[in-house]
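K.L.:
Here you go, one structure.
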C-alpha cells in the first residue's frame, strides 16, 4: 500500500505513521539510554527489586585497593607530590556525537570539572592547565595554576565542537609548556580523545619521541574505538590508555588519574625545594595583586621573601619565584606516601554469637548499626591494628578522603590528654 494519500485539493501528503514512530522513539529514548531495567533483579518471591549496587561498588573498590597494596608491598614506590598536569580535551566534530547523552562534549566537561576538584583535593601542591583541540589546532584554555574555579570557568565558556582533531599539535603545545618545568616537578598529560583519526602537519612519531625524552607521562582516555597511535603514545611515555564504554566508566577512568602515579625510576631523583609559608593579609588592607595586576582589598597572602601579594595558595610568586604553600597543603600531600593498609573483610556468614562479632554491633566511624534484617550481621570490615569495625561506606571514606583510621588515632592520644580527662 502507498504511504501517501490525496488531500481534497489534489495534493498528496505523507502518512503520519513515520512521524508518530519517530515521536515514540524520542519518548522512549530516555528509557533506552538509561537502561533502567538492568538495575532490577528478581527476589525469592518473584518480585522485582532494585539491585543493591553499594556492595558491588565496594567489592570493585577493594579489589583495586588490594592490587595497589600488593604492588607496593614488595618494593618502595616513590611518588611525585608536585605534579604539573595538562588536560587535553578533544573538541573536534566527533565531540558532538550523541552516543554519550546528551553529547560527548557535555559529558567530558561535566566529569573534567569533577576531576579538577578531586585532583586538587588529593594533590594540593600540584597545578593543572587546560588545552583544547578544535579545527586541527590546539588552543591553551588556561595556563598552569592551582585555582580550580578559574579552570572550570574557562572550560565551561569554550564548549563548542568543530573541525578535525590533531594529536600532534596538542603534544607540541603541551611539550612547549611542560619543558620549562623544574626537574623536581612531575610532568603529566591527560588526553580525552573523541575522534577516530588525527590530522597532523608532520611526523607524530618524532613528537612522541620528543615527549619521551622530556619525561612527559602521557595518558589517553578514548571515547570511541581504540587507536594504535594513542596506545603507542602511552606505551612510549609510560602512561595509561583506556577506552570508556559508558559515562560511569569514563568517570572511573578519570578519577584513577587523581592520585599521584609512581615516579619513573631513572628520573626519580630526590630534591630539596625552597618553600614559603605566607601570612594571610589583614582585613581591610589594600595592595596590588601580583598575579592579576589589580588593586584588591583584604583577601590575599603576603610572600615572606619579597612581600608581594598573591590571591590564593598554593602558587608560585611571580616576583621572586618562591613556591608558596600552607602547612595543611603540605600535610595532606604526605597521605599518598604513607597510605592506610586495607581493612580486613569480616565473613558475612558469621553468626551473631561468634566472639569475633560481639564487639562489632555498630560502626566505629558513623555509629550506625552493622546488623541487617533479623539482627543478622551485615557486611563490614575491621582494622588490623585497632581491631575496630567499620561499615562499607566508612571504609571507602577513610581510605579515599580521611586517610587516617579513627580507631588508631583514638588509641594513640597523648598521655597528657588522658590524664586531663581523668
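Cβ coordinates are placed from backbone N, Cα and C, and glycine is handled just like the others.
Curation plays no part in TrEMBL annotations; they are all automatic predictions.
TrEMBL lists these features:
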REGION    1-25  region 'Disordered'
COMPBIAS  12-22  compositional bias 'Acidic residues'
DOMAIN    84-272  domain 'VWFA'
ZN_FING   303-320  zinc finger
DOMAIN    363-409  domain 'RING-type'
K.L.:
Sort out the residues at least 6 away from either end of the zinc finger (303-320), same chain, that have Cβ-Cβ distances under 8 Å to it, and list them.
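P.N.:
That would be 124-125, 127, 145-147, 276-279, 281, 287-292, 296, 326, 329.
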K.L.:
Let's see if you can do this one: DSSP helix, strand and coil counts over the domain 'RING-type' (363-409), in that order.
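P.N.:
Split into helix, strand and coil, the domain 'RING-type' (363-409) gives 18 helix, 8 strand, 21 coil.
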K.L.:
How many of the residues that make up the zinc finger (303-320) does DSSP mark as helix, as strand and as coil?
P.N.:
0 helix, 4 strand, 14 coil
